Amino acid sequence: METHIKTVEFERPNMLAEAQSGASCVAHAWAKVPPALSREERDALKARIKRLLKERNAVLVAHYYVDADLQDLAEETGGCVSDSLEMARFGRDHSAKTLVVAGVRFMGETAKILSPEKTVLMPDLDATCSLDLGCPPDTFAAFCDAHPDRTVVVYANTSAAVKARADWMVTSSIGLKIVQHLHEQGQKILWAPDRHLGSYIQQQTGADMLLWQGSCLVHDEFKGVELDLLRAEHPHAKVLVHPESPPSVVAQADVVGSTSQLIAAAQSLPADAFIVATDNGILHKMRMAAPGKRFIEAPTAGNSATCKSCAHCPWMAMNALTNLAEVLETGRNEIHVDPQIGQQAVRCITRMLDFAAREKTTVRPQGDLAANTQLFQGVGPA
């Protein structure tokens, strides 16, 4: 296949610099993670949150990467535990007047864009995303202006302002199909922000893609050399990889897919053990979906003392029972999206939703498990 990958170097803020103040600094994000609670404290908070959800006519929507207690609480109260797009869909379609989003800020923004009439709260407004931070709206707009001949396709993990500049928003499971569709129409793509996901999609489709050079703090730390050593220790384990991971990791995958797709693989594939290269928050749902199977965390670069994420997003970890209860009691931490930006951003989201409704397709598994493609029907993001 002829390749048409282009990358560009440009000056932009180092949003992950250790010296930076605020929760965009990784060290500061970890410092904001609430302390562990006793069983008694957790049970008391859960009971309090359940009462507050009813009193506020609110529903809890949580991502697969947040604390297991929050995932369980969402399901126990009629909420939703899913990927970011399904979180927004669920909130849009639910009758609750208040959506409480346990995740990171772009998820709350997307929920607000799709449900502008509803109140959207988050446990901590500082819970952000390295992909979002690494794609500043003004710099991105200038980048787009410099390449007016390209169709702008952005990943869900971006701010509302970046989405407002895009022609399409995609998720990790529908991105392949949308880019293939655009490629067949002869369109050249400007892709942002994740370079690994963009490279993976380009290699699968052959599209002409200009890649923004962003990456996920968690997935970028998975390394092919360490994974190869772990596979030697567990030769019968299947490898599940999120496509935000580096190419050396994706190349070793039995299944490449979004969070929902990897959970489906863990549940449905005939294997007793899986090596999982994505945020370890997903392991709670995988163990629930496949209780008789073993899940092994893929190693990250500099495991233990020197890793930045150690396979868990520090901003996802900022969501906890304590600040969830506080936000329900006070009504603070409300997500606001400028109406003009929201009206512009909703177009690229709706375009993807309409396309997905027509296509009902997903990222295809790689390698030995290609025959299991039918297991991964549906649309869901990171």
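Keep in mind that glycine also has a Cβ here, set from the backbone N, Cα and C atoms.
Annotated features, as they stand in Swiss-Prot:
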type    : residues                                                                     : note
BINDING : HIS63, SER84, TYR155, ALA156, ASN157, SER172, HIS242, PRO243, GLU244, THR259 : iminosuccinate binding site
BINDING : CYS129, CYS216, CYS313                                                       : [4Fe-4S] cluster binding site
Q: Using the recorded [4Fe-4S] cluster site (CYS129, CYS216, CYS313) as reference, state which further residues of the same chain have their Cβ within 8 Å of the centre of those residues' Cβ atoms, listed in sequence order.
A: VAL104, SER130, LEU131, ASN157, LEU217, VAL218, HIS219, ASP279, TRP315, MET316
Q: Would you measure the largest Cα separation among HIS63, SER84, TYR155, ALA156, ASN157, SER172, HIS242, PRO243, GLU244, THR259 for the iminosuccinate site and round it to whole Å?
A: 18
Q. In DSSP terms, helix, strand or coil for TYR155 (iminosuccinate binding site)?
A. strand
Q) Which of the binding-site residues listed here (ASN157, HIS242, GLU244) have a Cα atom within 10 Å of the Cα of CYS129 ([4Fe-4S] cluster binding site)? A) ASN157
Q | Separation of alpha carbons, CYS313 ([4Fe-4S] cluster binding site) and HIS242 (iminosuccinate binding site) (Å) | A | 14
Q: Would you count the other CB atoms within 10 A of the CB of GLU244 (iminosuccinate binding site), including those on all shown protein chains?
A: 30
Q: Determine, from DSSP, whether CYS313 ([4Fe-4S] cluster binding site) sits in helix, strand or coil.
A: coil
Q) Does DSSP put HIS63 (iminosuccinate binding site) in a helix, in a strand, or in coil? A) strand
Q | Spatial neighbours of CYS216 ([4Fe-4S] cluster binding site) among the binding-site residues HIS63, TYR155, GLU244 [C-alpha, 10 Å] | A | GLU244
Q | Protein Cβ atoms within 10 Å of TYR155 (iminosuccinate binding site), excluding its own | A | 30
**Q.** Under 8 Å by Cβ from CYS313 ([4Fe-4S] cluster binding site), counting only residues of that chain that are 6 or more apart
**A.** TYR65, VAL104, CYS129, LEU217, VAL218, ASP279, GLY281
